[in-house]
Amino acid sequence: MKNNKVLVVVGPTAVGKTALGIDLAIKFNGEIISGDSQQVYQGLDIGTAKVTMAEQAQVPHHLIDVRKWTENFSVHDFVIEANQLIKEILDQGKVPIIVGGTGLYIQSLIEGYHLGGQENHEEMMKLREELSLLSDEELFAKVIKINPDISELNRRRAIRFLELQTFGSQDENLGSDYDFLLIGLNADRKVLYDRINQRVDQMMREGLLDEARTLYEQAPEVQAAKGIGYKEFFPYFSGDISLEEAVELVKRNSRRYAKRQLTWFKNRMSVEFEDVFSKNYPEPIFDKVTQFLN
């Protein structure tokens with residue numbers, strides 16, 4: 001039987017995805033593919049909470065430091081490169097583990113976005129948003145009306161089928177070629193927000209301000225500069241706000257981003273979450289992964 005099992009660890013910023021990903025990779029002979037839109041950039045280490053060299057030495061990591069910060073990295077780029085990496089890792093007899101919080105990237109990978117490149121991307125995302133508002137019954141009815149012979153429908157396959165009717169060739173497979181296990185991490189909101197605030201303070205101690213200043217001075221208009229943890233300091237550098245106000249902006253925007261991440265994973269991807277502070281964590285996840293891989 002073809003080996004096509006892929007683990008996917010998602011959740012809000014600062015919840016502990018990196019640590020779990022490394023634990024899973026060690027326990028199940030895996031390699032990690034970053035699903036973070038900012039960690040692809042060389043030199044942006046602190047503000048992106050990039051995995052450290054010590055962490056990368058424990059298990060192989062991919063899609064880290066693969067772009068200069070003057071280059072763009074799109075959802076299309078991610079899906080193409082992640083699919084190739086998944087194949088290479090599976091061919092080695094190892095387990096690919098996607099770890100990240102960029103919902104659009106991960107959803108597009110799982111649902112098999114390879115619909116003719118970026119030119120169709122906006123239209124496809126609009127259709128996907130419309131389909132995501134339908135109930136399962138409404139979705140399945142649309143699919144069966146087009147092809148009554150389709151069996152074993154689930155929500156993901158139904159959305160993929162309807163996308164292909166609009167944008168892709170009709171003989172493509174429904175969804176990705178891989179079998180994904182989604183692992184969602186979460187924590188009590190107050191605890192999570194406290195962790196976010198503490199992490200920003202730690203980033204400041206590690207030199208985030210200098211990293212942001214370098215980006216501001218060299219390439220303030222690039223895609224990488226739009227990430228949380230950098231753009232908030234630009235008004236400080238131009239003399240419009242105080243440093244304290246800039247730091248508070250980073251914390252506020254990070255908390256808001258965490259909320260948006262949770263909304264995306266819950267509503268658009270139907271992720272079930274594990275509380276990282278539950279008594280037996282992460283043993284239930286290990287049990288679920290063992291069952292999935294076997």
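Each Cβ is built from the backbone N, Cα and C atoms, and glycine gets one as well.
Annotated range for region 'Interaction with substrate tRNA' in Swiss-Prot, selecting from 36-39, 116-119: 36-39. Annotated pair G16 (ATP binding site) and T102 (site 'Interaction with substrate tRNA'), C-alpha to C-alpha distance, rounded: 15 Å. Long-range Cβ proximity for T102 (site 'Interaction with substrate tRNA'), meaning a same-chain Cβ under 8 A and a gap of 6 or more residues, is found for G35, D36, S37, F78. Contacts of A14 (ATP binding site) defined by a Cβ separation under 8 A and a same-chain sequence distance of 6+ are given as A49, L192, R195, I196, R199, S254, A258, in order along the sequence.
If you count neighbouring Cβ atoms within 10 Å for each of the binding-site residues T13, T18, the highest count belongs to T18.
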